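Summarising the annotation, Swiss-Prot assigns signal peptide to 1-25. The repeat 'TPR 4' annotation in Swiss-Prot covers 304-337. Feature annotation from Swiss-Prot assigns N-linked glycosylation site to 319, 470, 543. The active site annotation in Swiss-Prot covers 672 and rests on similarity to another entry. Annotated compositional bias 'Low complexity' per Swiss-Prot: 709-718, in sequence order. What Swiss-Prot lists as compositional bias 'Basic and acidic residues' is 728-739. Summarising the annotation, Swiss-Prot assigns motif 'Prevents secretion from ER' to 736-739.
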């Protein structure tokens, strides 16, 4: 049988299979033969006349019909692409021999367009007449806005289907978070008997986004073991969603309004226009899949961020093989990321060079990147030659993918935009300066007056306030605990570490020049209960954290109680052989409740940052070591505004926001021990371990044993503290595992 005959037979079989696919789809339970636009119109008409069962019937059918049509498009395009791929011998690249033989060139074109026609025939037979599956742009927008659920929640409520009403209302509100009426409806539903928390379901939730957000939440709660399966599931669902999104891009050409009246193009220009539009749509899937209705902007670098979360989560559970695989995969997208290279080097050292070298990046990520870069090359080429705009949704695209002429044009446009922005910015700064000069003095007085509440306990003294520390919402106090208490808590840390503190005595991947031991309040109490550490030391640890919480709450004159967000007693020890020419820090400058971008002078308050943290404190247990000073900076992470030297019984407290970037200098000799505490004003984010610790303390001790010393009616600490013998440069510092 000739090659052409075999191709024709394959095409006929594919078209027949496509027709069978449509018949099979129409016989499925979810298929509704009526068009979604007609069903939606019937539903709105039923709503107008108060026919609530009619609203439910038609709106539910409209949603099912639209979902079935979407599924049919996906199946047809996937099936036809699989059954009728481009012919293996169809070389689409330049062939010098074709220019010498016009007949061969014509045959080449015919083979190409023959493949196109056969694919089109397959799709036509599978999808059916175009009129059967086209929705108007306006109606598609209504479905995307989740409007059917707005009608459904009222109708369900009217016919006493409360569980469905709650789910429909919640689904609509997730897509329309500014809709005040629906917010009021949801508040009302929450007060009704019989309504459960599980009823508030998003019926349109995207599986990949649901798993990602759940995984990130568990990651932020420092539960890496539980976060990993959700982040891995998010990746699997992402690639499925990406293929579906891309398949749906292969629709009719969008003429953009009435442009079709003036559209005039030859064969190849028309093909180019349509294909580039399809490629643009496919690249835009990056943005679509990274978007969530509750966010103003999509997640930045959404796919690579999965591997970033996973590499550190796997490290935290001791799985270096997977940590290396995810780190290498992340580096496919950002090959110059210094921190990731440091992490990879650390993981490699822990696993072994030979075994680590055999681990490759994930294959599906490599394929994704290769395909995406090829598409970008075509899109940038079309932008450069035909002027068809393309906005790259990714920040990881290598510069060499963009044509040089286009690079120069974009550079010129950026420089112009920057110049205009700077001129506007300078003008705004002048105006702001005039306003600030008038308000700054009164604001400073207000802040200082607000701070300076009682220190509650005898022996505690104010060492530095916000004014001395050159900032706001900052304080350093001494005498919080005694020398004996410091030594006992230090012994507790080292004893708990030998009993298993969850870190296995290893160094952090970010600070390979130090090792650390740590123990939480709950862990210490459990070890005390088991007799592995002195129970009274664990009780002291619990009491001291409560003492610091009360003092911070009082000093900053907070109207709302502080709740523990996380508590950690940790010791960091310098590794002697690793200190030569050391330039790193125990922890670089950061902000406790947002992601600091020092270059842009901004801090993004979103996960994985602990956005719910409001105040932070660190209580030092010793000062007999070198380095390890705590320091505050400006948002640029370079300009140091104050520095604090640790010593026994000294506490540093501050608000956790952008006003207080801070870091920790390297510990170059000895061991630095401290209790790190984070607090929240939101009881919903109260530390679960603390609640368990409270219950365990009640079980193990009598009320008299856990009562703190009587709070003293001391005067407010409003004035500037008396300067001590130390200068600002002699005072204290910290790390993510601390502050």
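Placement of Cβ uses the backbone N, Cα and C atoms for every residue, glycine included.
Here the features listed in Swiss-Prot are painted onto the structure.
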| residue | record | Cβ contacts under 8 Å, 6 or more apart |
| --- | --- | --- |
| 319 | N-linked glycosylation site | none |
| 470 | N-linked glycosylation site | 632, 641, 642 |
| 672 | active site | 571, 572, 573, 620, 622, 625, 627, 628, 646 |
Residues in the repeat 'TPR 4' (304-337) grouped by DSSP into helix, strand and remaining coil: 27 helix, 0 strand, 7 coil
Neighbour tally for residue 543 (N-linked glycosylation site), based on other Cβ positions within 10 Å of its Cβ: 19
Across the repeat 'TPR 4' (304-337), average pLDDT on the 0 to 100 scale: 95
Collapsed DSSP category at residue 672 (active site): strand
